[in-house]
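Participant: Please read through the structure below; I'll follow up with questions.
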Amino acid sequence: MKLILVLLCLISTLFVVKGGLSPTEQQIIVSYHNKWRSSPIGPTPSTTIPALKWNATIAAALQSSLDKCDGKFSTMSQYGTNSEWQSWWTPNTYFNLNATLDNIQKGASFYDWNAKGCNSSANYNCQLWTYAVWSKSTSYGCAKTICPDKSEVSCSYYPAGGFKGVLPYTPKTTTPAPTTPAPTTPKPTTPAPTTPKPTTPAPTTPKPTTPAPTTPKPTTPAPTTPKPTTPAPTTPAPTSTLTVDWTSYQTPIRDQGQCGSCWAFASSAALESRYLIKYGTAQKSTLQLSNQNAVNCIASGCNGGWSGNYFNFFKTPGIAYEKDDPYKAVTGTSCITTSSVARFKYTNYGYTEKTKAALLAELKKGPVTIAVYVDSAFQNYKSGIYNSATKYTGINHLVLLVGYDQATDAYKIKNSWGSWWGESGYMRITASNDNLAIFAYNSYYPTF
C-alpha cells in the first residue's frame, strides 16, 4: 500500500545531493510513533497497541529507494508487504520534519470509526495515520534524502496495514461516533484514498454552502494593476463550435509544494490567464501573483480552500504580486490587504452551473477553475487522455480548465505540481463522463 502525504505528487528523476536521517531526526520520528501508539487519538484501544520496533533493514532498503530521487515507492510497497508514505518539501530549505509528522497526526481527527475509513466529506487524508497506529504492524523504518530541488522523507511499515473497512485497532466501544463532523464546503487539499468512494448522487445545491469571508476594507487606497496603454487584439474565435485552447495564454506552471494550496494556485492562474487574454501576452513570462497572500488570508490556508472564497476575498483589496509576498508553502499569520506597492485588481467573479454545456460556454471566454477527485491513477498520469476507471462523487483537488477538444471530447487542465508532472504540467481528461466529479460543485472564474 502507498500514499503520498498532503499532496498527490510525482517526483522526476534527479541526481541525489545527500541523504540520511540524522540521529536527532530518527529520534523525533520514534517519539512521534511511540506517542501515537501509546496514546492514540480516538477511542481507547481494548488492549494496548504494541510499540513499533525500528527495523534497520527496512530503513536501509527505503534509503536506497529514496536516493534514486525518481518518485517511486520502494519494492516493499510495490509488492504489498509494507504500507508506505512519502512526503517532500520544495525547495530543500523548507524541509520541516515536525510539520510532516504533525500533518499525519492531524489525520486522526478525520477517521470515521463507523465507516471504518477516512471521512469522505472532510476531504482530508487520514490513511497515513492508520499506517502508523495499525495494531498488527510490528516494525518500521524511515529514511530521508535531499535531491537538488526538494527534500523527501518516507516511512515504511511491516506488515502492511491501513486497509479501508478494517479498524486500525479494536476500540473498547464497538460503535464510536466519528471524531470530526463533515464540513459543508469541500476542501480539495489532501491525497485521495486509493479505495473508490460510494457512488452516491452529486449534490444538487447550485453553489457551495459555506459563506464567503467578509472582505476587509483597506485602510489606504490600493494602487490598481497597471493596464497596457493600448488594448491587445482579442483571441480569434475557435474554428470549431466547441473546441478552444487557452494554453498560449498561460503563465509558467507553478509547484504548490508541501502545502494544500491547490485552490490558491488554480485561482491565481485563472486571474493571470484571463488578464493576458484581455490585455495581451506581453507579461506572460513575468506576471505572477502571490499564492502566499491567499494562503495567509483565507481560512485553513495549507489545509484547504475554495475558489469562490478566494475571488470574493480579494475582489476589493486586490491580491499581492509574488515579488511582494513570496511563496513559502506554509500557512502564515500575516494577512496583507494593503501596501504601498501595486496590487493586482480584477472586477468581479462568477460561477457556472453544474453542466458540461455551461462549463464549455464559459470556457469560450477564458479558463475556469474546476474541482476534481484525484486518486493514485491520476497522480501517476504521464500522457494521453485520462479516463478514470472509477466514478467518484466527491472532490479533493482544484485545477484550471484551459481547453476542450471537440474531436476527442477531452478537457485540458493546468495543474500545480510542477512541469515535470503529466504533459509538462498539463493533463487531458475525457469529457465523455464525469467520473472525476467535476460537476459535483460549481466552477469559478474571475472577470475584468
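Glycine is treated like the rest: Cβ placed from N, Cα and C.
OK, Swiss-Prot features for this one:
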- C262: active site (ACT_SITE)
- H397: active site (ACT_SITE)
- N415: active site (ACT_SITE)
- 178-236: compositional bias 'Pro residues' (COMPBIAS)
- 30-157: domain 'SCP' (DOMAIN)
- N55: N-linked glycosylation site (CARBOHYD)
- N98: N-linked glycosylation site (CARBOHYD)
- N119: N-linked glycosylation site (CARBOHYD)
- 171-242: region 'Disordered' (REGION)
- 1-19: signal peptide (SIGNAL)
Participant: State the Cα to Cα distance, in Å, between N415 (active site) and N119 (N-linked glycosylation site), rounded to an integer.
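Facilitator: Cα of N415 (active site) to Cα of N119 (N-linked glycosylation site) measures 25 Å after rounding.
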Participant: Could you check the recorded positions N55, N98, N415 and say which one's CB has the most other CB atoms within 10 Å?
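Facilitator: Buried the deepest by this measure is N415.
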Participant: Per DSSP, H397 (active site) is which: helix, strand or coil?
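Facilitator: Its secondary structure by DSSP: strand.
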Participant: Whole-number Å only: compute the distance from the Cα of C262 (active site) to the Cα of H397 (active site).
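Facilitator: Their Cα atoms are separated by 6 Å.
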Participant: When the domain 'SCP' (30-157) is classified with DSSP, how many of its residues are helical, how many are strand and how many are coil?
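Facilitator: Secondary-structure composition of the domain 'SCP' (30-157): 48 helix, 31 strand, 49 coil.
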Participant: Going by Cα-Cα distance, which of the recorded positions (N55, N98, H397) sits nearest to N119 (N-linked glycosylation site)?
Facilitator: H397
Participant: What's the CA to CA span in angstrom from N98 (N-linked glycosylation site) over to H397 (active site)?
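Facilitator: So the Cα of H397 (active site) lies 25 Å away from that of N98 (N-linked glycosylation site).
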